[in-house]
Amino acid sequence: MHRTTRIKITELNPHLMCVLCGGYFIDATTIIECLHSFCKTCIVRYLETSKYCPICDVQVHKTRPLLNIRSDKTLQDIVYKLVPGLFKNEMKRRRDFYAAHPSADAANGSNEDRGEVADEDKRIITDDEIISLSIEFFDQNRLDRKINKDKEKSKEEVNDKRYLRCPAAMTVMHLRKFLRSKMDIPNTFQIDVMYEEEPLKDYYTLMDIAYIYTWRRNGPLPLKYRVRPTCKRMKISHQRDGLTNTGELESDSGSDKANSPAGGIPSTSSCLPSPSTPVQSPHPQFPHISSTMNGTSSSPSGNHQSSFANRPRKSSVNGSSATSSG
């Protein structure tokens, strides 16, 4: 699972700013021929003297370039949601303009054009905004009963719900810590904050939750929580204990091997013969000749030599024959 990376707004600025005025998009407008976007007033003023895109020089239209530009509401909503305070400042500028110029014709414009749209109506949330939320214990059994029975809320369900007012920038991790300290939940239990039946990430802010789940401000943001044992941590601790014990056993056996006479010899079974297997000579044609290892002569034990004790042995050494008896 890939870790989520949070990036700075400055890294997105090239995609959110108009190259003509150097500011963030206001009334974002896109050229349909090349899909480059600009502020509406900026591109309209530019196309009065040119018929080419100011970025890629593609021809917008031969005679009437304004026919090939479109308002981009989606891009403008993204800019308003990403740039803190931009929407509120723009609405204030428009209200101040029409207050200073009463003769300006704004009758055909929308409420947003006149600056009369509040943040709540546009569903724009700022970091310093206070969000009302409700949080209650998530009970699967109660949820099943609620599906099977009537949807009337009992007094017990109402009393289990708590209401909070928190900054929009507060994260789920902060809410989890608050619940743990408020209810004295030990660290051996895990707290999950949920929206409906879906657990939320620790790095989610209340503003993120409101945007992701399209909170309409028609009531407190409904959140739930559940408490469960930290099974994964317990398993990891057991595995570590097992590895530690195994390491201790191996170290103990290693120390025993170091103190034993065979400590310097590898313990691999494929390298050494078993006690019941006779030691094979490196010279199969002369099984009685001992082999030399590390400058010392190693010969079979007395039990293996007894079968050759009374048998004469003849071997050729340096071209001369030698006969030896047991």
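Keep in mind that glycine also has a Cβ here, set from the backbone N, Cα and C atoms.
Here is what Swiss-Prot says about this protein:
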type	residues	note
COMPBIAS	266-278	compositional bias 'Low complexity'
COMPBIAS	290-303	compositional bias 'Low complexity'
COMPBIAS	315-326	compositional bias 'Low complexity'
REGION	162-182	region 'Interaction with PHC2'
REGION	164-228	region 'Interaction with E4F1'
REGION	236-326	region 'Disordered'
MOTIF	81-95	motif 'Nuclear localization signal'
ZN_FING	18-57	zinc finger
Seminar exercise, completed: Outside the motif 'Nuclear localization signal' (81-95), at least 6 residues beyond either end, the same-chain residues with a Cβ under 8 Å of its Cβ set are 9, 12, 16, 24, 26, 112-119, 122, 124-127, 211
For this session: Express the predicted model's confidence over the region 'Interaction with PHC2' (162-182) as a mean pLDDT, rounded to an integer.
Result: 93
